[in-house]
Amino acid sequence: MSPQTETKTSAGFKAGVKDYRLTYYTPEYKTKDTDILAAFRVTPQPGVPPEEAGAAVAAESSTGTWTTVWTDGLTSLDRYKGRCYDIEPVAGEENQFIAYVAYPLDLFEEGSVTNLFTSIVGNVFGFKALRALRLEDLRIPPAYTKTFQGPPHGIQVERDKLNKYGRPLLGCTIKPKLGLSAKNYGRAVYECLRGGLDFTKDDENVNSQPFMRWRDRFLFVAEAIYKSQAETGEIKGHYLNATAGTCEEMLKRAQCARELGMPIVMHDYLTGGFTANTTLAHYCRDNGLLLHIHRAMHAVLDRQKNHGMHFRVLAKALRLSGGDHVHSGTVVGKLEGEREVTLGFVDLLRDDYIEKDRSRGVYFTQDWVSLPGVLPVASGGIHVWHMPALTEIFGDDSVLQFGGGTLGHPWGNAPGAVANRVALEACVQARNEGRDLAREGNEIIREAAKWSPELAAACEVWKEIKFEFETIDTL
């Protein structure tokens, strides 16, 4: 062997495989205000100590790999590595732990949810030493939050644009979700809006299909909005879904909505992707459009208790990426959502400062440093009998969206909208008078139905409809 290629054992570095916990498990570490903190629910393989499992998560989601490499000596691992700084057992679960990991801020590109998720929820979720892994929560430090624009407008600006105060906003998803022609679709929108709703909505899978191309839908919906505004004297909107196969096409659709004078567009942020979503959010702020966000595909990621990520993480990511509304579950309807857990991430969407509260699944205190808030949207299997509970649970800063609960009215769309508007106004008035919506809700609805035949008919149709199943994702 020539002298140039000969390797001396006394030189270089010590190769081989070493335990992650020797480098990445640091229980003595004091977290910094600039660290991004993560709480992982870790289920190790049998025989893998929890400290090793937590350290493996920290390593594989930051600077580590499966073996020692000589280029470790060319950087400062102490500066850049993730650290598992605490581990606690999960009550009531065997061999399951919460591992707390701190990441230095320099590991992440500024203003990029895409880069943040690529590291923290990347390859580590397929790591063989773990039976399952779930990201329960993230603490986004102010230093990183300030690199994001966030929601295009926020709650107060939206209320000012719409001139609507003191109550939740009312919406409706047009059904059937697929198959209507553009003209019939516009007719359905008009009937709902003239009946008293604030918004109607494209379903998440309405894009530009053969039965209804996007431009035709936009034109007929615009006609419906202008006609209903003229008749009611109220500002109306329809969530025009701009989601498309490319970012360029998405922006073209948003531009068309703006040119038609529409107040709001919509995006499917998980199927569309965070890069596309942030791009659209920036366009909406620059051009005065509100942005409604649908969370299609979220349950693929967040519904299983042991693997994936909790929706509160996706909600925080959305607030960073940008959106003025996001679907958040209903607690009382057909879609998954435990009350305290749902209220936990609803606060994370709306409020500026949220204290740690493990009873609601909030693992870290979160300071949004004045990043605009997001309106939670309650949608899915709700009807007039749910109105008192929804008003009490979500409060004024929310959107209550009744699809079948409007369009399923026996007298048609407009009477269905009237029934929902009357029920909402009755609940808000009763609450403002000091009545207990949780206890007196049914009585309040019955009283209002005495002078609203539309509400009385709705009450009769949906008096037996309930969705009572055990919640899968619990604390």
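Cβ coordinates are placed from backbone N, Cα and C, and glycine is handled just like the others.
Database features (Swiss-Prot):
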| type | residues | note |
| --- | --- | --- |
| BINDING | N123, T173, K177, R295, H327, S379 | substrate binding site |
| ACT_SITE | K175 | active site, proton acceptor |
| BINDING | K201, D203, E204 | Mg(2+) binding site |
| ACT_SITE | H294 | active site, proton acceptor |
| SITE | K334 | site 'Transition state stabilizer' |
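Sequence-distant neighbours of E204 (Mg(2+) binding site): residues of the same chain at least 6 apart with a C-beta under 8 Å from its C-beta are N241, T243, D268, H294, A296. Of all the recorded positions listed here (K175, R295, H327), the one with the fewest other CB atoms within 10 A of its own CB is K175.
Same-chain residues at least 6 positions away in sequence with a Cβ under 8 Å from that of D203 (Mg(2+) binding site) are, in sequence order, T173, I174, K175, K177, L178, N241. Secondary structure from DSSP puts N123 (substrate binding site) in a helix. Pairwise Cα distances among N123, T173, K177, R295, H327, S379, which the record gives as the binders of substrate, peak at 37 Å. Annotation for K201 (Mg(2+) binding site): same-chain Cβ neighbours under 8 Å, separated by at least 6 residues, are G171, C172, T173, I174, H238, Y239, M266, H292, Q401, G403. Burial estimate for the recorded positions (K177, H294): highest at H294, by number of other CB atoms within 10 Å.
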